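Database features, via Swiss-Prot:
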- 299-365: disulfide bond (DISULFID)
- 328-396: disulfide bond (DISULFID)
- 168: N-linked glycosylation site (CARBOHYD)
- 337: N-linked glycosylation site (CARBOHYD)
- 344: N-linked glycosylation site (CARBOHYD)
- 1-18: signal peptide (SIGNAL)
């Protein structure tokens, strides 16, 4: 609840019983409207001048439209056991005859996540004839280091019904994450008998860098580009022995949570565990007895609208742009100790500009049922669909203190 509490502190300065005027005049933005928005010739969509795969928005729209249904009905059954979906647009590619070499920057893949599935999606133009090709996958960071990860052979044929081919790369990424680059590189040398520098030399000599497919076959469509090549990774946060801080809090303030060396990384979804502190009680002899006829004020759920643009997150959050997180309200004079819970909800609430009265919650009138929310946003240059726990209050109730 820490994330939502921090979020609530930034937005409102009065009790929230209705949608704020600032949001009433805003045009609603839906995933469908983004899908219909401007796109490049290669199928990538634009958001604030940044491109993201059309497939990721479709996947997000699928999830929110079937929120109350079994996820196994979705296109990807692995969504049922994943809480993070990362997409990586190819940095570049080369072609030489029937060899394709694809380069991705996979630096943001975290070993603290459990890999569930990985797939390569190549959205091809229509071909006039079939081609048998060998596809090689490399990891590269700023073109300073190129690490061979694996290869496979496939037959590329005319793609009139579906313009995207999907290849299962789960084992390739699993070997990379668990065995390390040394073992992978050795396997490449033994299997191919060709060093990376030899491959690069031959590509340079033939001018193959960023070669358009049209030069290889006159029937190929000339608009094929690296942005049509996407690596999609499905993962799940591993269980940890210690409670974790809110997932969104770790993204924005890594140094605060001891993550200074990985400030630009988000290590997947956090299943937040409460770290309840022992509450010190007053001696029974010094506590005045409560009147028997005392009636507790009503504990109710009221609106608390969150606008990501207003708190400075609009440039990297694609969807949702705003949502109703709700909060619990009851008459009381003792504030809830914000260190008692560390959740996404409490973090969000602490970001909103609530008045002291609105920010304060009765220790006994608290959220008793929360639900998660899927979010679509950028992590550096990568496009991520992530499922954050405890983002929205569903029910309020009294809790003994």
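The first residue you see is number 1, and the count goes up from there.
For all residues, glycine too, the Cβ spot is worked out from N, Cα and C.
DSSP assigns residue 299 (disulfide bond) to coil, not to a helix or a strand. Ranked by CA distance from residue 168 (N-linked glycosylation site), the recorded positions 328, 344, 365 have 344 at the top as the closest. Residue 396 (disulfide bond) is 7 Å away from residue 299 (disulfide bond) when you measure Cα to Cα. In this structure the C-alpha atoms belonging to residue 344 (N-linked glycosylation site) and residue 396 (disulfide bond) are separated by 17 Å.
All protein chains shown were included, and the count of other CB atoms within 10 Å of the CB of residue 328 (disulfide bond) stands at 22.
Here the CA atom of residue 328 (disulfide bond) lies 6 Å from the CA atom of residue 365 (disulfide bond).
Taking Cβ-Cβ distances under 8 Å and a sequence gap of 6 or more within the same chain, the neighbours of residue 396 (disulfide bond) are 299, 300, 301, 328, 329, 365, 366, 367, 368.
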